[in-house]
Amino acid sequence: MHRRAIYPGTFDPVTNGHADLIERAAKLFKHVIIGIAANPSKQPRFTLEERVEQLTLVTAHLDNVEVVGFSGLLVDFARDQKASVLVRGLRAVSDFEYEFQLANMNRRLSPDLESVFLTPAEENSFISSTLVKEVALHGGDVSQFVHPQVALALKEKIAAMKANKGNK
């Protein structure tokens, strides 16, 4: 059995789909590291620290899950964490091509690092962080897609963003 796995992502914000995959990965592996990518090129709404806090809250009930922020190459982070498996989620066939290319690149850079793909529960298959942010930006209720504290934080973040735009 592989002991250590990494589930990497930006998690901006963490959704119920992410939480579902984390719970299932926690049953499959002895230790799961949620690797939150700093990834400034994506211009996340939440800071790395806020995303670490959110994931820590969402995974607090899972004893074998650890939340860690990182920057740089994922394969280097995996090596530093002594992880042998990357867990990735596939929501739809459209995700497969990108994930397949990413898995092959990671394998080329680190041949001992395996990629494992999990699909979300049907009720979470359409949820993405991008869609959740879009719904929230237009005043929609996102509470059915994210943890209640994450929904509140997103609402506050968008209100602050709109207030800052109004002051300029």
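We count from 1, first residue shown onward.
Yeah, the Cβs are placed from backbone N, Cα and C, and that goes for glycine too.
Among the candidates Glu97, Glu99, the residue that Swiss-Prot names alongside Thr10, Phe11, His18, Gly89, Leu90, Arg91, Asn124, Ser125, Phe126, Ile127, Ser128, Ser129, Thr130 for the ATP site is Glu99.
Looking only at other Cβ atoms within 10 Å, the busiest spot among the binding-site residues His18, Arg88 turns out to be His18. Lys42 (substrate binding site) and Thr10 (ATP binding site) are 8 Å apart (CA-CA, integer value). Comparing local CB density within 10 A for the binding-site residues Thr10, Ser125, Ser129, the maximum falls on Ser129. Comparing Cα positions, Ile127 (ATP binding site) lies closest to Arg88 out of the binding-site residues Lys42, Leu74, Arg88.
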